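Just below is one structure, and these are the notes that go with it.
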Amino acid sequence: MTKFVFVTGGVVSSLGKGIASASLAAILESRGLKVTLIKLDPYINVDPGTMSPFQHGEVFVTDDGAETDLDLGHYERFIETRMKKTNNFTTGRIYQSVLEKERRGDYLGKTVQVIPHVTNEIQEYVKRGAGIGTGDAVDVAIVEIGGTVGDIESLPFLEAVRQMSLRMGPNNSAFVHLTYLPYIAAAGELKTKPTQHTVQKLREIGIQPDALLCRADRRIPDEERGKISLFTNVAEWGVISMWDVDTIYKVPRMLHEQGLDGLICDKLRLNTPPTSLKRWDQLVYETEHPQGEVTIAMVGKYVDLSDSYKSVNEALRHAGMKNHVRVKIEHVDSETIAPGDAAEKLAKYDAILVPGGFGARGVEGKICTARYAREQRVPYLGICLGMQVATIEYARHVAGLANANSTEFDAATPHPVIALITEWKDADGTIQTRSETSDLGGTMRLGAQSSDVASGTLAHEIYGNIVTERHRHRYEANVNYLDRLRKAGLVISALTQREQLTEIVELPREVHPWFIGVQFHPEFKSTPWDGHPLFNAFIKAAIDHQKSRQPTLPAAAAS
């Protein structure tokens, strides 16, 4: 029978529920349990696909084409289980499903209400995410409830999991509450009152937490833990201190050493082998003992919020660990780069990465960046839009296609080398069609798809014969211009197997040591254990470029 751990948050948002949930999952997985995670988001958007990165951060894409919360990226990086569409749902998705049932007459004329109809629907979605009733059922499902206790948006979710816990009976569910202890410098102490109040609010709803994860900028003294225990009715050994650390990969060890996994296993009556966190310890060792450092310019337009590129940042760090170097990432606003000052802005970097994005703002700066990297032989990795701007730049300045552009940015361009995809096969095999008037939400080419890779190319060195990666885009390289680009020297090194859409472009090795653009999003498949072959190769190229720029010492004069 699948057991459930429900993770809630209080006081303030952005405390790290996703990392805490993923860390607990990683510890339980190390005990030999099959674990999954489910994220419940209380906003009314059907999914985060149309939300601004400044509002929501990165949109993480699963193999089966779901546009999901960025926490699912943490989940996949921490445990072996791959996330699916069923691992993330929102208030909007729930209400959409309830209303569709009402229109079909499934409720037999009853008045549709939050209780029981919405709360029952939430419970059904949670069970679906845990694989209950299928061959994919897990031992433990950790359910993270977004938002903070006290928010009106979260109430249906909290009521649903309270009912679910009651229906499952004792020892089949546990509640973990993440809270915040502010440090008041003037008083020189951590304050427990906000934690007392948030637990009181949770108990008013009918939920008694089994463990408290207490976030602070320092360790919580035993005296304060005892005080929290007394006023929250949580056993003192269930009051867990979570202090700030320099890498998120230290969190599993932190939680294990304070007995969180033991507490959960006792509560759920799980008889498991001992925890083994050796590979996590090795990971931390790699991060703390680099043999060098490279600096990467990430040129984009969402640079004011690092969560906008969360998976790219993590993939670069993973590749750094595989290459035994620390990767320093500097975000460069593409709107600040113009043709005359690209060298001034970019010359100091060991490699350049242009990530995905949407809209015309900052695009010309990205095109200038691609040109600088091409002409100065700086390692360049373009992801999604980063591949498209590299193609536009090459068309303009090498292939002689003046004013070439994407129809996303200039509908009247004389040379639309990038254009809207009108038909393709989706991740589940269905044929999708789109036009300029299609809705924005859920209408992109999404999910994992395979492509053939040309032999003798850089892409083939990295991937082999076949590449399978996740996609999230509406625009593609225009097939009508591929021959002209090839004749001008651009290498089209991977094409989709059915539609022959461009997946990878690169420059010949005799022209540039390492220049590649990919239409997909490789960052979504990077893990701290193996990195990702494309990012690993990119960081290796950055190391080589750094070495090539170092002055060589003159040979010692003969004596």
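Cβ atoms here come from the backbone N, Cα and C positions, even for glycine.
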According to Swiss-Prot, SER13, ASP151, ILE152, GLU153, LYS191, THR192, LYS193, PRO194, THR195, GLN196 bind CTP, and the residue from LYS39, LYS127, LYS227 that belongs to that same site is LYS227
Of the residues ASP64, ASP69, ASP71, only one is listed by Swiss-Prot in the ATP site with SER14, LEU15, GLY16, LYS17, GLY18, ILE19. Which is it?
ASP71
According to Swiss-Prot, GLY357, LEU385, GLY386, MET387, GLN388, ARG474 bind L-glutamine, and the residue from GLU344, GLU375, GLU408, GLU461 that belongs to that same site is GLU408
Rounded Cα separation (Å) that holds between LYS227 (UTP binding site) and ILE152 (CTP binding site)
29
Of these binding-site residues, ASP71, GLU144, GLU408, which scores lowest on Cβ atoms within 10 Å?
GLU408
List the same-chain residues at least 6 positions away in sequence whose Cβ sits under 8 Å from the Cβ of GLY357 (L-glutamine binding site), in sequence order, or say none.
GLY300, LYS301, TYR302, CYS384, LEU385
Taking Cα atoms as reference points, rank the binding-site residues GLY16, ILE19, GLU144, ARG474 by distance from LYS193 (UTP binding site) and give the first.
GLY16
Looking only at the binding-site residues THR192, PRO194, GLN196, ARG474, SER14 (ATP binding site) has its closest CA neighbour at PRO194
Listed in sequence order, residues not in GLY357, LEU385, GLY386, MET387, GLN388, GLU408, ARG474 with Cβ within 8 Å of the centre of the L-glutamine site Cβ atoms:
GLY356, PHE358, CYS384, VAL389, SER406, ILE418, HIS473, TYR475
For GLY18 (ATP binding site), which of these binding-site residues sit within 10 Å, Cα to Cα: GLU144, LYS191, THR195, GLN196, MET387, GLU408?
GLU144
